[in-house]
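What follows is a set of notes on a single structure, which appears directly below.
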Amino acid sequence: MSPARGDANASVARASGGSSNGAVTADEVVVQVDDSDENRENLRDRDRADKLEKLEKDAHARSQTQTQVQAPPVTVSSFRSANGDAIRAYRSETALTMKPRPRGSTSSTPTTTIPPLRPGRPSSPESPSLKRLSPRYSPTILASRTSRFSNRTGIRDSQSPSPILADEMVGRESLRKRPATSNTPAPKTPTPKNTEWTVDKIASALSVLAEEVPQNHSRLVNFLLEETEKRAPQPRHLSKTDPFAHMKSKAIDANRPRPEGVPTMDVKFKQHSGEYGKSRNSGRRFQYPVVCIKPDREPVPPYRFHHAEIRKNILALNSQLNFVPHLRDVDPNSAEEQKYSAWLMDLENLDSKSGFKIQPRSQKIAKRAQAEYAATLAPYLEPWLRKLNIEGCTKSNLIRFMASQPESDDSMTPQQKSNLLDTYSDDMGSPQAVRNASMFTEAWDRVFNDQSKLRRVALRDILMLDKNVEPIFDNKRAKDAPGSQKPPDEALMQKVIDALGSYTTLGCLICFSHDCEHGEIERDNQKRCFSLEEIGGLMPSLRRKWAAQIEQRQKTEGGSANAPPAHPPCRNECYRIHGTGDPNQQVPPWSENEVGTLEWMFATIGYSQTLRPECFVGAILGRPCWDVHRKLQELDLRLPPVEPRTIPKQKSLPWYDRRKKQLMSDWADATITHEHAVRELFAPCHHDGPCTAANGCPCASAGTHPVLCERFCLCTAEECPLKFTGCACHSSGKTCLQRQREGRPCICVQLNRECDPTLCKGCGARERADPENAYDEVLHSTGCQNVALQRGAAKAVVLGKSQLEACGYGLFAAEDIEEGEFVIEYTGELISHDEGVRREHRRGDVFDEENKVSYLFTLLEQEGIWVDAAIYGNLSRYINHATDGNIMPKIMYVNHEWRIKFTAIKDIKAGEELFFNYGDNFPNLTKKLVERNEQSGAETTPQQPKRANGAATQRATARKTTSKAKGEGIGFDDDDRDGNDSDPDDLWMGDQQQQQQQQQQQQQQQQQQQQQQQQQQQQQQQQQAQKPQPSTSHQPQSRAERSSTETGSEEISPDKQLRRENHDAQRQLLHQFQQQEQQQQQQQQQQQQQQTLPRKEPKKEELEEEIDLDAPRRSRLKRRLEALKGDSSSGGSANEQPPVKKPSRRGGARPGAGRKPKHRPPGAKGKDSKGKKGPSSSAGATTGAGSGESSGVNETGEEEVAVNGKSDSKDEAKEEETDKEKEEDEKVNEKDREKGRDSLSSPTEEPIAFLPVTKSAPSPAKKQASSPTKISDSNRTTSKNTSSNNNNNTNNNNNNNNNEFPSPVISPRKTRSSDHLTNSQPAALSPSATTRKRKASDLTSDTHLSAAGKGSDPSTMTTTTTTTTTTTSSSSSSSSSSSSSSSSSKAQPILEEKGDDDDENNEPITSPLKRQKTSSSLSSSHSMSVFSEAKEGVNGAVPGSGRNLRSSGVKVDSSGLNSTSLSQERGEKHEKHEKEKPKEKKGEKERERERDRSEEADEELLPMDRSMRKRQKPARYRDEGE
């Protein structure tokens, strides 16, 4: 056969298997090529019109007679297999052979056998899809469907043409190449005949074309299956026999009884069918015998969510419930199914409240099927339009027609409609095209949008999937319609804005990418990028840039803005050398895109001195520089005029200096920049003028407190006082820390942000924030230490089973971590709070609500932004909860994004589990769950031990809550470390020593509780459980032990005698449970009187009279006594333990109450106790009964004073009042007024602050002795020597369970009490401090001193300040023996004193350490001075100086047993003081003489009156100490 010429008779037939009706049953195609002379002759006659007309009629007649043939062969006019050309088929009805070739037949013509064109094509009759398109249609080649398991020789190779393409080519040729009429020769490319299309014809044609969709889908699936089978791996079985092939089912008939002793399992098989895949109820149940296996290994903890590891947070849109969560199979019409359905309704209601359109599940399934069907039909639209060849009916015209319909107005905005019409304005058709588009749309909806079909889709749904239509409905920037003629500069800027619109909208200002995770989700559930649109768009940024360039050029050159550039000419034939070049030189013409690039680059470069647009654009486009310069002159491009900037001078803020880069005092109260959780998010400011609230600056008017302007704001440091300019740290040594060796702390650290590599230039943050230097330890050993998150070098951590029972997994440290080091970042999806609530509810198990797992973390509470680490996150999601954790989360501001950083708060060894206190870090749902389980756990959980060595308490659990809660917090069982079931070989839980210590500790605590219950029969258990102490701490002694220790002592110290006398005077006011110990005090009192001088014993009536005097200044005290009596009487029934007197903010049962604060102006009136300010506020009168006696520091830093017993009534005290004492009181007041002693203390004095420490130096008792300490009347004490024992004995006497806090310690520096927020710390008061501060508080208090018995150090003493109506007898009478032993194990309480330089006379500060040296010159023991001062406090003498020794008349030697006249001691001190008089200052002499004059009236003054005088410490004590 000649491949170049001739129209050979080629017939395509199938090798039949002997079918009578000519059906095709063969698996191969046979092509017969007829190259005979007769055929050639027929080709010559083809051009004759009469011959063709006759042949056409004959062919038409034959086609009607052979309609029964299923697969007729097709004649191929030419077949070129040698060169691989495509098949070309010419319709020749004369050569058409309709007979199938029988099996085994022969022919004289050569026959060529080829494989089928398309494997797997089903055997079917001629496709009517193409036959109905034209009456002159000829059948195309139809290949038979090969079996998937047939011979591989019939599979098409990759080089063979696609059968779909071949069909389409044959169809096109058949439609296009029609025979010419008999009078005219046939043209080479005949013009198709125009068809008058109607809606019915189009619908019929679309119905035929629709049949291709399932056929092509089946071909595609078959092809994919066969290709997969070819690439399937070979089986690698060890044996060719299948051991399970002959295995029979061991199912037991459910109707038969179960065999005894054989465990079985019920299995139900369900078949899902019907609409939407619902299961049938006719499932059969089978029973299978099973063998229960218990492995020797511990099972791996289960978890529900497998996370995808991410390094940074990612944005997540609000998502609707797309599928129904499957928890487990439930029986139909059961209670579980109803509960499950109700839960699904709750999920849908949450979506509805969030703004989503809720549809029934059936509609959702139908809509999903509709979307899938639309995606399937979308690729067929354009090919079908080309086949139908309808005039003007193109896809563009269909989109324009869709946009112009009235029903489209409801689904699109006018702007979107305008954008659609403008986008497809280039292909505007004729009116006939519009009519055809309307007919095609109607026909499409008739065929594919039938309401009776499950899968239906409208033409609009197909067109909306177009790649040009979808972005228009995605909030794309609208293009301005062409308007009137604009000036050249405005027209240029409009072109630049249009050209750079995508960069302006999508370009991120942080990472400079166009698809990143920076930005936020708007309310319409659309992402808003952090781009130039956030700061006003492109034009404001360009204008500011031009203005800055002009100012810089004027400063450097002093010329105009059009001055020549300073940089040298470029090497690309620069225009500065060649000008506009040779005009005769041929250059390529400029395209439209090149001109646009030149325009927007010209505007972007602006007035730069270092870069010219000619040189830059020439390098980009590959053109000579002079060519670009010539084009610029042709275009005559000019920038719009720029107004010069006027920078007004702005003063620095009082709390922030942008030039010094530091924060001033009280900055935390002036701004909320550092409080990320409560601040609001504002777009960077881009206004004109200064950044002030009056000018509308969002940064300056951010609520009541401004925030600093960030580097993305368009303001500058010259004009904005709020502009953040980075830190001023240097790069030598380790810098950017909270506490630095030199200079102020880093401002970035203070503001809870990491150093900005752009702004912080001195500390080296740029090099250390580079990820390439993340593991360069040498570089990070110096310089900035505040770029941990930007560095991204987390500590090595591993995942393992948590130490908390039923908690699943936990995170463990794989290396040693020092305190303050960065551990890991908490990453996840950034979601809104509404989305977080829905996700939390979806993940819950409706059948097991207690087992909920939460991975939500509150990032910005004010803005409602959470971090969800359930699906996307890192290993930090496994960190569990503990009250005392070893790491702490912190929200940091890092380059305009907020991130969560975990830092170690203590040293962590490798292998320790990481914990942190969830607290308020987790959102509402988790928080409520935690609180609920805490309440349930507190009610049902016994006391849990605390881990030894100060480790974190494991009673709190992780975020993974469970119904097995038995502990506090969220509630789980005790840690295995606290039990007896821990494995000693376990790496994480083998700690036998700690377990033994905890067991011993539990036994000791139980014994102590039993002893306390026996001694305190009327006392019930306290409301709060006793908190455990480490095994190394000292356990308080019980009352029985202290009583036995004191009664067994052979000798009584003088200071104990004073306490007995004081208790005897108040014996009738004590609680009932203290009466037994009062009898022991009376016996010891007789022995004490033999060793001490006789003294007047205060009577009960006198003490009551001091409380209930009718003077106006005691009115506040009366109200407090009444409140105290009411509280004690009401709370006594429930808990008979004496109430604890709780101090108010400015008053209460504490020394120095009622004094003016420092910030209070003189003459300012205090407020009464009815909820107002004042020294006797009833708010701090008492605490709840049963809370235990305690002594410490309240929330304002002032001392809490322990109060025992009950107060007597006001009337009873008045009845016992005597006239003689009234007269004495009036005389004393008269003397005070004469001597000017009624003045209050200086309002500049401040109360005492306590500093907690962990341990104290075990110094000997004699070294601790010091001179009597001076007590200021402004709520300060300076007792150092007795503070440790005071604290121990106060706790032992008042609250045996209150040993959880460390003892307060003296700090020699000045400290405000408000600087320390230590709550409920024991207060240690010296005798002089107790008496003096008691007088200042309108509450007549007595001083109880506790001294050691025989064998005890007399320097270890305790004072407990209590009111007369609520004092303790025996509880504070026998604590010296325990205090001496506890002083070595517990911290020495040392009180902090504010120096006298803050007082009126500005005396220098006296260190408590210096006062210790004074004891050697005053007395030989510390107990002497304390005893003398305490005695003076009870009898009326003013303590605080050496004159108390003279008035008391008692001297005690170093052993505390021998006594002499105190007047002699006073005389010795006076003589020594006279020798040192030249050293004293004038002010000190005057104050000393005033104190000497006041000593005569000290015995007569009431404690309340004495408290109103200011007492200064004699200077001689300081001189002697120095």
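Backbone N, Cα and C atoms are what each Cβ position is placed from, and that goes for glycine too.
From the options 190-220, 748-778, the stretch Swiss-Prot describes as region 'SBD domain' is 190-220.
Annotated by Swiss-Prot as region 'SAL domain', the relevant range among 301-320, 661-680, 841-860 is 301-320. Binding of Zn(2+) 6 is attributed by Swiss-Prot to Cys727, Cys729, Cys736, and the same site annotation extends, among Cys715, Cys746, to Cys746.
Taking Cα separation as the measure, Cys720 (Zn(2+) 5 binding site) is nearest to Cys746 of the binding-site residues Cys570, Cys574, Cys625, Cys746, Tyr809. Non-local neighbours of the region 'SRM domain' (321-360) in the same chain are 270, 281, 367, 525, 834-835, 837-838, 841-842, 845-847; each lies 6+ residues outside the stretch with a CB under 8 Å from one of its CB atoms.
When DSSP labels each residue, the region 'SBD domain' (190-220) comes out as 20 helix, 0 strand, 11 coil, counted as helix, strand and coil in that order. Other Cβ atoms within 10 Å of the Cβ of Tyr855 (S-adenosyl-L-homocysteine binding site) number 27 in total over all chains. Cys727 (Zn(2+) 6 binding site) has His881 as its nearest neighbour among the binding-site residues Cys570, Cys574, Tyr809, His881, going by CA to CA distance. In the region 'SRM domain' (321-360), the DSSP tally of helix, strand and coil residues is 19 helix, 0 strand, 21 coil.
All protein chains shown were included, and the count of other CB atoms within 10 Å of the CB of Cys574 (Zn(2+) 2 binding site) stands at 19. Cα to Cα, Tyr809 (S-adenosyl-L-homocysteine binding site) and Cys746 (Zn(2+) 6 binding site) are separated by 38 Å. Each residue contributes its Cα atom, and for Cys709 (Zn(2+) 5 binding site) and Cys746 (Zn(2+) 6 binding site) these two points are 18 Å apart. For the pair Cys715 (Zn(2+) 5 binding site) and Cys574 (Zn(2+) 2 binding site), the C-alpha distance works out to 37 angstrom.
Confidence annotation: the region 'SANT1L domain' (361-480) carries a mean pLDDT of 77 in the model. Secondary structure at His881 (S-adenosyl-L-homocysteine binding site), as computed by DSSP, is strand.
Shown for the region 'MCSS domain' (481-560): DSSP residue counts in helix, strand and coil, namely 42 helix, 4 strand, 34 coil.
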